[in-house]
Amino acid sequence: SVSRTSPNLTFVPACLPPDPVEVEELQHFVSRSKRLFVMTGAGISTESGIPDYRSEGVGLYARTDRRPVQHAEFVRSASARQRYWARNFVGWPQFSSHQPNTAHLVLRDWEKLGKLHWLVTQNVDALHTKAGSQRLTELHGCTHRVFCLACGDRILRSELQAHFEALNPAWKAEAFGVAPDGDVFLTDEQVRNFQVPACRKCGGILKPDVTFFGDTVSQEKVSFVHQRLAESDSMLVAGSSMQVYSGYRFALAAREKKLPIAVLNIGPTRLDHFASLKLNSRCGELLPLIV
């Protein structure tokens, strides 16, 4: 039931087509698994046209000196929030319109077939949800939701877009390039007059429901994911270098439980020295070949 769509390779590093031997090895890995635990990263969404941070040559870090917003800075600084939300406001229409690619649909189908026990994504783009995955944990949250830091009130990001438009009827800005997580590049001059709404309930600070750099994933969510991993018999990492500890910790736990681990990622990862299998291919090219 996987629908074939043409991948957007703008932000995908160059790589060779899947090696038939590697395809067979991954097939054996998946066939042997009865309760597969899957963790995905930005590399599964690059084929949907969303850039990542670390990919060689095409990631944000390779293309620019820009760095993502830090949690402490967002909470502390009104100007940092103004800058973040102005860029996010401009980028939101395009970012929210991205659609799942073949790799997302394959994992959805594995879930329907009872092969995939649980899916954990480090992405905040909602593409697994759009694909129809249900046995899913969004480890770092989702940009499609917003909450108040003071009272906890939650609204949809699409609803906030209307508030932005009402507060900034004459404000316009042309974006210079696209960044991960719905961000775009704007100058300080463009951002200066942008108005940011407060919480409609209490007047508090509104923040996307995502774990910014420098923040931590809740212990409740971490414990829940560890429970799902404990129920699993193997682990597949797709599209992640696993450089961020919040995800890497689960690979360490899988190694401690002596679970076989397969890694599908273009370029090196932190798991390469202990993974049972390492595959250097596009997720959307290799995963559909697995029956």
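Note that Cβ sites are derived from N, Cα and C of the backbone, with glycine treated the same way.
Feature annotations, reproduced from TrEMBL:
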- HIS140: active site, proton acceptor (ACT_SITE)
- CYS148, CYS151, CYS199, CYS202: Zn(2+) binding site (BINDING)
- 16-291: domain 'Deacetylase sirtuin-type' (DOMAIN)
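Listed in sequence order, the residues of the same chain lying 6 or more apart from CYS202 (Zn(2+) binding site) and placing their CB within less than 8 Å of its CB are CYS148, ALA150, CYS151, ASP153.
The Cβ neighbour count for CYS199 (Zn(2+) binding site), using a 10 Å radius over every protein chain in view, is 19. Across the structure, HIS140 (active site, proton acceptor) and CYS199 (Zn(2+) binding site) are spaced 22 Å apart at their Cα atoms. With the fewest other Cβ atoms inside 10 Å of its Cβ, the least crowded of the binding-site residues CYS148, CYS151 in this structure is CYS151. Mean model confidence of the domain 'Deacetylase sirtuin-type' (16-291) amounts to 91 (pLDDT, 0 to 100 scale). Within 8 Å of the centroid defined by the CB atoms of CYS148, CYS151, CYS199, CYS202, the record's Zn(2+) site, lie the Cβ atoms of LEU149, ALA150, GLY152, ASP153, ALA198, ARG200, LYS201, GLY203, GLY204, LEU206, excluding the listed residues themselves.
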